[in-house]
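The structure appears below as structure tokens.
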């Protein structure tokens, strides 16, 4: 049964990856689904999440979870990836289209995705159309979603199930980490530079030729001061801001910066609450309340006795 479960989980991951590769091609290769192929751990000891190696621009991300939950309880982890809906990004082929968003959620040990039969009707609607995948077998409490259309989803809701009560259950506060990205990255997970970049000159010299390539990009030929020629390969969809005969310096931009997206990460805490502690607290509070009531009644009785004695 366990082998069968793993087989279908791996099959689901393969089908989803194949779908993304076919329909999003290189434009999607900086999302968590691809980062997991190159990074065994989603988060370094320093706190840096793997997605930040591909998305070089920093953008905000918001995470909302309950302060505390009971064991074996389903709750929502809501991730907001805000961005300007009017902007368009450059695809791997150079065309312009709307931004996609994706997220990675790193939960404390023991927390996992809630099964479908535990979801409320409201939660089913919020998660409709979203496919959640585990990062890998060594990180069973880390899950990913995306890329999905940012126009369709203004937030990403993860249905989370807290660990069941047991002898080894730790009723403590634990950290929850999240990473969220919008748009394409500047570096592919394999280290290659994407066309969603500002391209700059690698040396001093004069732009001697600018020519188009078959894939929609450009080749900028720079004649250096010592007479050699350097060819700068510019990705498709770039806007050239230099012209032939222009003097350029090393690190001088040759194109505009097309990137409109970015990556952000955040963290918060969630506590696993012991029901027995809560029951004990309620009983203690009830005892204090009753004690206060009896003290007030006793005081009233004492005042009546004093008043009666004064009348005699």
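Each position is counted from 1, following the chain as shown.
Glycine residues also receive a Cβ, built from the backbone N, Cα and C atoms like all the rest.
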Where Swiss-Prot places transmembrane segment among the ranges 257-277, 278-298: 278-298
Same-chain residues near the transmembrane segment (278-298), Cβ under 8 Å, at least 6 residues beyond its ends: none
Most Cβ neighbours inside 10 Å, all chains, among the binding-site residues 51, 54: 51
